[in-house]
């Protein structure tokens, strides 16, 4: 799906990977670009707008842990531009010391935003179809002992995205669901592995993990922008050490209705 002339929302667009992806997306000649974030960085918003005057950039102060904030922000988008064509769910934290906050931001907030946004995009309701990109992690595909709670949240994102991205739903709504899984990237989130691990026993292996080869946020952001345009329902992509690769998950069981 080309993004030219489209209306795009990026939840968590002022983080490191998110902001790099935002800069890439500004080259796509979108009609409007809505950045939702708890962070308030007016200079970053101005810098985005300066990249392409053809795209109108909006900033919304956003609390992903609040259903009311989610509902109000999405309603505001529809009131301004009528249609939502792409929704990118990129808010996330890594702090295994606070399990509730980890789940509320990484998983529950993403689920609530998707469930609130998808009906607004549904071609059988008030939308015209589109794409939802949920940002999970390579730690949503494989376990990582130093960050067990974070892993659980990202495994949840993967399970939710694969379920709601079933062809049954896509054929009805016209809304594709794609999952993007960054590997270790040079951001403050990566640094948290070394200080906010699951158990005291985790310290040694978390420090070793911190020494793993990483990638630049600019590279990961470019991959994310590419995935947004793919519009491949059910697609799962890994961005790791500078390479973007499609993932085919192992299927152990399928519902009988298929």
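Just so you know, glycine gets a Cβ as well, placed from its N, Cα and C.
The following features are taken from Swiss-Prot:
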type     : residues : note
BINDING  : 9-33     : NAD(+) binding site
BINDING  : 137      : substrate binding site
ACT_SITE : 150      : active site, proton acceptor
Note = For residue 29 (NAD(+) binding site), the same-chain residues 6+ apart in sequence with C-beta under 8 angstroms from its C-beta are 3, 4, 5, 52, 54, 55
Query = Within the chain of the residue listed as 'active site, proton acceptor', which residues six or more apart in sequence place their C-beta under 8 angstroms from its C-beta?
reply = 94, 96, 102, 106, 137, 139, 144
Key: Residues near residue 9 (NAD(+) binding site) in space but at least six apart in sequence (CB under 8 A)   = 34, 36, 74, 77, 84, 86, 87, 88, 117
Ask   = Hey, does DSSP put residue 13 (NAD(+) binding site) in a helix, a strand, or just coil?
value = coil
Ask   = Tell me which residues of the chain lie with their Cβ under 8 angstroms from that of residue 17 (NAD(+) binding site), as long as they are six or more apart in sequence?
value = 90, 135, 182, 185, 187, 217, 220, 221, 224
Ask   = Of all the binding-site residues here, 21, 25, which one's CB has the most other CB atoms within 10 A?
value = 21
Query = Which of the three DSSP-derived classes (helix, strand, coil) applies to residue 29 (NAD(+) binding site)?
reply = coil
Note = residue 137 (substrate binding site), Cβ-centred 10 Å count of other Cβ atoms over all protein chains shown, is 28
Request  = For residue 21 (NAD(+) binding site), just give me the three-state DSSP call.
outcome  = helix
Ask   = Relative to the Cβ of residue 13 (NAD(+) binding site), which residues of the same chain, six or more apart in sequence, are found under 8 Å away?
value = 19, 21, 22, 35, 36, 37, 88, 90
